[in-house]
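These notes are about the structure you will find just below.
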Amino acid sequence: MKPHLKQWRQRMLFGLFAGGLLFLLIFIYFTDSNPAEPVPSSLSFLETRRLLPVQGKQRAIMGAAHEPSPPGGLDARQALPRAHPAGSFHAGPGDLQKWAQSQDGFEHKEFFSSQVGRKSQSAFYPEDDDYFFAAGQPGWHSHSQGTLGFPSPGEPGPREGAFPAAQVQRRRVKKRHRRQRRSHVLEEGDDGDRLYSSMSRAFLYRLWKGNVSSKMLNPRLQKAMKDYLTANKHGVRFRGKREAGLSRAQLLCQLRSRARVRTLDGTEAPFSALGWRRLVPAVPLSQLHPRGLRSCAVVMSAGAILNSSLGEEIDSHDAVLRFNSAPTRGYEKDVGNKTTVRIINSQILTNPSHHFVDSSLYKDVILVAWDPAPYSANLNLWYKKPDYNLFTPYIQHRQRNPNQPFYILHPKFIWQLWDIIQENTKEKIQPNPPSSGFIGILIMMSMCREVHVYEYIPSVRQTELCHYHELYYDAACTLGAYHPLLYEKLLVQRLNTGTQGDLHRKGKVVLPGFQAVHCPAPSPVIPHS
């Protein structure tokens, strides 16, 4: 009996060993995969990004996270990444040409990833960029038919269920591209998360064409717009008509006749009683260059201008306008070095961190300051309760530097610009003043025969990096939350006389100055007999 029991035990142990070995082989077979490929997350890329801790104080733009710049400023090519992790807006000249020619494919893409909930980036960015950029190229169809297994016209297609070798190879290539892109995003880490752009290629293309609306914005920006419309902090009461039917020539003539640059001249209360007539510059801003300037540049502070190599072109203009605390030192290759006019908001004058009193940024240039005022442009009310008290530092600066041209924009000029934007937009826009960028553009149009504006409407380098000189990311910097930026850009796009190539590659629009605009004389009023 014992020999039989011993033999039975040996067989049982052998069976267990064989079963365990078989299980191990099956387990290894099914779990063998690329170790570099991450496990899919139940959250989308954008939703994961939202879970990151928000650092710093809330900025003027709703929901923005601010990271202070490192000491000594930023190096444009070391401190800041070149493009967002998916590489969706970084393209060489060849890719750009392909992109421009594949325009038909854009119009049916989704606009913002947050619009449709938990979908991966692949729902909005093509898996295979080469395939995407090649679409619409001459000979593309014949090439694709040969390499991707598509039948030529008149040839029968593959049978259902058949998988040609070329099609299998294409799938393998796409899989490899997908793995490489995912590993690249992981390697970018937090910087990549922050640089993820909520603007899809489709939206950017439609912005270039002037065919976008607020309904295409992500939910956060839509909510911000609704909140500002409800709050109506400045008491806006628009009584005009909202339409967008004017031609470019009609719109230019409207701007020329109504958007007349106006600054405080000290003749109105309460400034007249405070002696401002002697304080403000004797020569008005509009008369500093009575003969006009031939060609001018307006340089936005957008992060998209990094790696543009536009500095030499910008400095070639007769005059250059810059904004707020945007520096040139260390960024000359991209933004140039020349500064003629600097637009500054009231925060620059009141916040000690901007060093308005002693910084070289604000010396040897024409300064133009502004502060949000009530829509009624009640100067007494504004003087008593400005958004930021720019009046005291203005007085001090004028007393110390009486020879430097320094102006404060009149609220009526700013709100006149807002009225024009609203009149030429069918949607209700935010009841807040236009951005410094739009104000600066209109000022230079009044002083120059031709105005070249850089990165106001973004180029293919578009990024959520708000300013090229500080680490601060938010889509609102491009599309607007407080300011009606989206509608400003649509209006400027309608005025653009430059080429689509310059708009795509350089983010440059070319606008005629008011001196170069020829408008019909108003019809004389015939008295009734």
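Glycine residues also receive a Cβ, built from the backbone N, Cα and C atoms like all the rest.
These numbers come from a predicted model, not from an experiment.
Checking the candidates N211, N307 against Swiss-Prot, the annotation N-linked glycosylation site falls on N211. All chains included, 22 other C-beta atoms sit within 10 angstroms of the C-beta of C466 (disulfide bond). Take the Cα of N211 (N-linked glycosylation site) and measure to each of the disulfide-bonded residues C253, C448, C466, C477, C519: the nearest one is C477. Neighbour count (other Cβ atoms within 10 Å of the Cβ, all protein chains): 27 for C448 (disulfide bond). Cβ neighbour count for C519 (disulfide bond) (all protein chains, 10 Å cutoff from its Cβ): 13. Each residue contributes its Cα atom, and for C253 (disulfide bond) and C296 (disulfide bond) those atoms are 20 Å apart. As a whole-number mean, the pLDDT of the topological domain 'Cytoplasmic' (1-11) in this prediction is 71.
Using CA atoms as reference points, the disulfide-bonded residues C296, C448, C519 were checked against C477 (disulfide bond), and the closest is C296.
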